[in-house]
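> Handing you a structure now.
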Amino acid sequence: MAEKIDMEEGKASNGEAHLDEPLANGLNSPKKSSTEPLSERVKRIVLANLLVILTVAGVIIGVFIGLGVRNVALTRTQILYIGFPGELLIRLLKMIIIPLVVCSLVSGAASIDPKALGKLGGWAMLFFLVTTLIASSIGVVMAFILTPGAVTVGKPTVQGLDGDVPVAKEVIDSFLDLIRNIFPSNLVSAAFQSYATSYKLVTRNGTDGNPNITVEKVPFGTDQDGMNILGLVVFAIVFGVALRKLGEEGEILIKFFNSFNEATMVLVSWIMWYAPLGIMFLVAGKIVEMEDVGTLFASLGKYIACCIIGHAIHGLLVLPAIYFIITRKNPYTFLWGIFTALATAFGTSSSSATLPLMMKCVEENNGVSKHISRFILPIGATVNMDGAALFQCVAAVFIAQLNNASLNFIQVITILVTATASSVGAAGIPAGGVLTLAIILEAVGLPTNDISLILAVDWLVDRTCTVLNVEGDAFGAGLLQFFVDRTSKQEGGTELSEVRLEGNPTAAEPEHSPLIEKRGGREEKESAM
């Protein structure tokens, strides 16, 4: 059995293995002879793209179900029941986020040469920074062109959301919280809590007989609900580097994390087949929940259009253009390979929950090696928030226009820089970007009470934000794979050989259990020091 597997891997090194197996999206499917019957060809294409077809069908059917059920008088409890299958999908994805992120980063950091690790990290952070700045710039330009806040009748109002406005924090305290969360005091609590600053007012009487009383707003730390994914990411990377420094003593633990990681990805492959059903009910439940959509779009339609058009420009033109210019490959073929993950991002509105499916898609469909995807994608899901930065810039200019406040050049630059920086600390959860919008408004002196208008349509805008966020992560992984392949050819494959796939680096792996591959000795090689 072992010899047979070795022979199959020998074929893979020549790029000829698995010719008869349909891949997950058919991108790398071999060309069949022209004499193949049409029915067989259609059947092969459908099987190769079955998961994507089911996901698209799930979204479309969910829209029709939601629109049909909206005409029926339902109680709040019945609406919750409709969305239950979708809630189950989110719970399944969140269940494996922590083991997936921690194990993938530990094994990735431990398996990559330190020089290669530094190069990968540097290129990734450069790509994330540049694309986020571009997204922020697009948001500001779109807001000034479409002027969504230039209303003639009066400022739009939304009932019942005034109490949901997040408490504004000082800019310095927000960035100090970001640094504190990088170094969590308790790894166990970091799995479900993060650090946040609150304020209390302290009064002090004047000294030396001075009757004046001063009031000081003193910050103090609190624990808020929500995973501190940033702290877990930093710890996992440092821990992986430390295991590599141990040499042979750390090899056993590296193998443990590798095995844990592979088992988690098997669970992800099972969850992927439930995703179309869960997405269908997520979309249907959200459409049923919508109230007074006509009035909402009439008052905030220009703001919604501004955000969605900006996201479309960045996601369909800018990111693909960057990928094409660097790699000279078709970016839309790459996008088709991650369509299932993008649909999940739209349904769940959470980049963290989409992370498991994104890893599976880029590895099996787009030929990104495991070491790159499982090292870069968790980092990208934490720090790369193109969609959030764009939406925050649009929202800041929108609120300024609502209040007839003209923004000078310095304030515009402040919005760009603050949106880019604060998006790093934005939680990868629904409405995570709204919580950091208050930081931008405080930085340029705009009122934060108008955030209630943003919350009113956040259920829609946040979904396109999440799609753009995960798309940027995937393109970053694809560009790093190209960088590794090119560098390996230039340097003879000596320094970066560990982060390449065996044999053909662009060939997708077959969709079967990675535990079988381990028997053939492949995983042993990847985890060797």
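Here the Cβ of each residue, glycine as well, is placed from N, Cα and C on the backbone.
Straight from TrEMBL, here's the annotation block:
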| type | residues | note |
| --- | --- | --- |
| COMPBIAS | 1-21 | compositional bias 'Basic and acidic residues' |
| COMPBIAS | 26-35 | compositional bias 'Polar residues' |
| COMPBIAS | 509-529 | compositional bias 'Basic and acidic residues' |
| REGION | 1-35 | region 'Disordered' |
| REGION | 490-529 | region 'Disordered' |
| TRANSMEM | 46-69 | transmembrane segment |
| TRANSMEM | 89-112 | transmembrane segment |
| TRANSMEM | 124-146 | transmembrane segment |
| TRANSMEM | 226-243 | transmembrane segment |
| TRANSMEM | 264-288 | transmembrane segment |
| TRANSMEM | 300-326 | transmembrane segment |
| TRANSMEM | 333-355 | transmembrane segment |
| TRANSMEM | 375-400 | transmembrane segment |
| TRANSMEM | 412-441 | transmembrane segment |
> Are there residues at least six beyond either end of the transmembrane segment (226-243) with Cβ under 8 Å to its Cβ atoms? List them, or say none.
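Answer is 97-98, 101-102, 105-110, 114, 117, 178, 181-184, 187, 189-195, 250, 253-254, 257, 352, 378-379, 381-383, 425, 427-429.
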> Taking the transmembrane segment (333-355) as the first stretch and the transmembrane segment (46-69) as the second, find out whether 3 or more Cβ pairs fall under 8 Å, excluding pairs closer than 6 in sequence.
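In contact, yes.
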> Please identify the stretch among 46-69, 124-146, 264-288, 300-326, 375-400 with the greatest number of Cβ pairs below 8 Å relative to the transmembrane segment (89-112).
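Top-ranked stretch among 46-69, 124-146, 264-288, 300-326, 375-400: 264-288.
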> With contact taken as 3 or more Cβ pairs under 8 angstroms (pairs 6 or more apart in sequence), are the transmembrane segment (375-400) and the transmembrane segment (124-146) in contact?
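By the criterion, they touch.
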> Out of 46-69, 124-146, 264-288, which stretch has the largest tally of CB pairs under 8 angstroms to the transmembrane segment (300-326)?
124-146
> Using a Cβ cut-off under 8 Å, which residues of the same chain at least 6 positions beyond either end of the transmembrane segment (124-146) come close to it?
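Distant contacts of the transmembrane segment (124-146): 302, 305-307, 309-310, 313-314, 318-319, 322, 376, 379-380, 383-387, 389-394, 396-398, 401, 412, 415-416, 419-420, 423, 468, 472, 476, 479-480.
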